[in-house]
Amino acid sequence: MDQNPQSQLKLLVTHGKEQGYLTYSEVNDHLPEDIIDSEQIDDIIQMINDMGIPVVEEAPDADDLILNEINTDTDEDAVEAATQVLSSVESELGRTTDPVRMYMREMGTVELLTREGEIDIAKRIEEGINQVQCSVSEYPEAITYLLEQYDRVKTGQIRLSDIITGFVDPNAEEIFPPTAIHIGSELLDEQQNNEEDEENNQEDHEDDHSIDPELANEKFSELRIQYNNTNNTIKNKNRTHKDSLLEIYNLSEVFKQFRLVPKQFDHLVNNMRHMMERVRKQERIIIKLCVEICKMPKKNFIKIFPIKKINYLWFIREQNTNQPWSENLKKVKEDVFISVKKLIKIEEETGLTIEQVKDINKRMSIGEAKARRAKKEMVEANLRLVISIAKKYTNRGLQFLDLIQEGNIGLMKAVDKFEYRRGYKFSTYATWWIRQAITRSIADQARTIRIPVHMIETINKLNRISRQMLQEIGREPTPEELSEKMLIPEDKIRKVLKIAKEPISMETPIGDDDDSHLGDFIEDTTLELPLDSATSESLRSATHDVLSGLTAREAKVLRMRFGIDMNTDHTLEEVGKQFDVTRERIRQIEAKALRKLRHPSRSEVLRSFLDD
């Protein structure tokens, strides 16, 4: 039937209510083709029976039918019950174990975004990242690290694009028109960075074209000045002073204008997170010693433990009290003091109190969660775009689900790099990244023998030029001609041509009968050829016959000297020891035996085995 399962079931129920019954054959005729499980069929029949529509083997008598019709008509809730049961049947029919169908069904529950919705989510992502950057800016080591990295840029040790991808003007509103150049340049940078991983000896490339060096110098100078002002204010006054708080706010406003490279951003965040882990580790040790070992009530510990400024006084006061746990505290005093000392060291390293470290980490975590939720919304709303692009790349060596996964990776990168102020829609921007991720994965994974992506690009370029030259000169170009055309050394052209060959299966059939395969015609170089085996056997037999014409002593000397029927040959001294004679005597016996073998009657037999 052309109708969908829901329509077929509705038609079946309607038909049953009209005639007052259903036969098993009618149910079977109206069931969808994908319902073949006996349990599912029994469930559907039971549901129909529960609706007041009997399912019988044969059509009932007229009297029984009238009674059934009366019962059905008097049931006012029949229609509502039918709807509920039908919805449960539909949910049963909708279930599937196919991962692609399950993925697409879940994907279809998310609504598409409008242009305004995209901008709203992008702003929430930016707010979350800004909150993280503002939190990190209060960590002095983060600003110091960033300024040190810029000093390395000035000395030529690293590129500016290794630190930042640009700057954000919070007052700007979509001042750039939609353009493909910006997207292409970002993709090129991404591709070049990946190729550097594949081949470390490639020349460095300049990819700072999207960042104005003068603007960067101005922004970093502003950051350095504000950082110094903030430090001086904190040193001269307290960190909690209103002037210090104002300077910290100004520093965060300057710092959040920097669009950091994800690697650098993660480095700063991880440093702060690592610092927090060190704090928690020492606090857990102190809690374990005081609460678990010394049996101090946790409520008491929370009350006496210093939050704003770590010191030893709280412990000293507590161990001098008359509490039941005071004596136990004296036993763990040394271990507690070690952990407290480490916490004080963290305060000295960061220039922050433990309370401030926790507060910064809390605000940073909230910002990360906010950005993560917004990114998740943006990704889920654009999964259909990945499907539509992935469909165009099927049958190229990767399964459809793999293409979707690779496209989703590209989509997530697009979400990370999307700039709503530039004016283009997210789908326009994301298409480039999704396509690049899919094509790169095909180039990287589709071949049985993996070839680096940059080499595949060279192969494609060579094939394109080769086809072009074939049309121009009417024959396949030689490696020398390709080298001259592509401005690549000839040895590299030959290497590329060798790599470009596709592997052939050993089971490839040969001929029309399919009774022989390619592997049958490939020489096995590890085995001895029948001709060589026969020649060796004949030579061995002829050698034995010739040696049998010598004396036993002469034959044994020659066998040992030349390693005939032995694992190895022997020196004159080794043979002499065997016969208990001198080396000179063995040499004389050998010379005499060889003279006998050179006689034409004996040498003629062996001469035929010599290669021409």
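Residue numbers in this text run from 1 along the chain shown.
Placement of Cβ uses the backbone N, Cα and C atoms for every residue, glycine included.
Residues annotated as region 'Disordered' in Swiss-Prot: 191-210.
Per Swiss-Prot, compositional bias 'Acidic residues' is recorded for 191-206.
Sequence annotations record features per position, and here Swiss-Prot assigns region 'Sigma-70 factor domain-2' to 378-448. Break the region 'Sigma-70 factor domain-2' (378-448) down by DSSP state and the numbers are 56 helix, 0 strand, 15 coil.
In this model, the motif 'Interaction with polymerase core subunit RpoC' (402-405) carries an average pLDDT of 92. According to Swiss-Prot, the motif 'Interaction with polymerase core subunit RpoC' annotation covers 402-405.
Residues or ranges marked as region 'Sigma-70 factor domain-3' in Swiss-Prot (evidence: sequence analysis): 457-533.
Marked as region 'Sigma-70 factor domain-4' by Swiss-Prot: 546-599. Per DSSP, the region 'Sigma-70 factor domain-4' (546-599) is made up of 36 helix, 0 strand, 18 coil.
Long-range Cβ contacts of the DNA-binding region (572-591) within its own chain (Cβ-Cβ under 8 Å, at least 6 residues beyond either end) map to 553-554, 557-558, 560-561. Feature annotation from Swiss-Prot assigns DNA-binding region to 572-591.
Here the motif 'Interaction with polymerase core subunit RpoC' (402-405) has long-range neighbours at 103, 386-387, 390, 393-394, 438, 441-442, 445, meaning same-chain residues at least 6 beyond its ends whose C-beta is under 8 angstroms from one of its own. In terms of DSSP helix, strand and coil, the region 'Sigma-70 factor domain-3' (457-533) has 43 helix, 4 strand, 30 coil.
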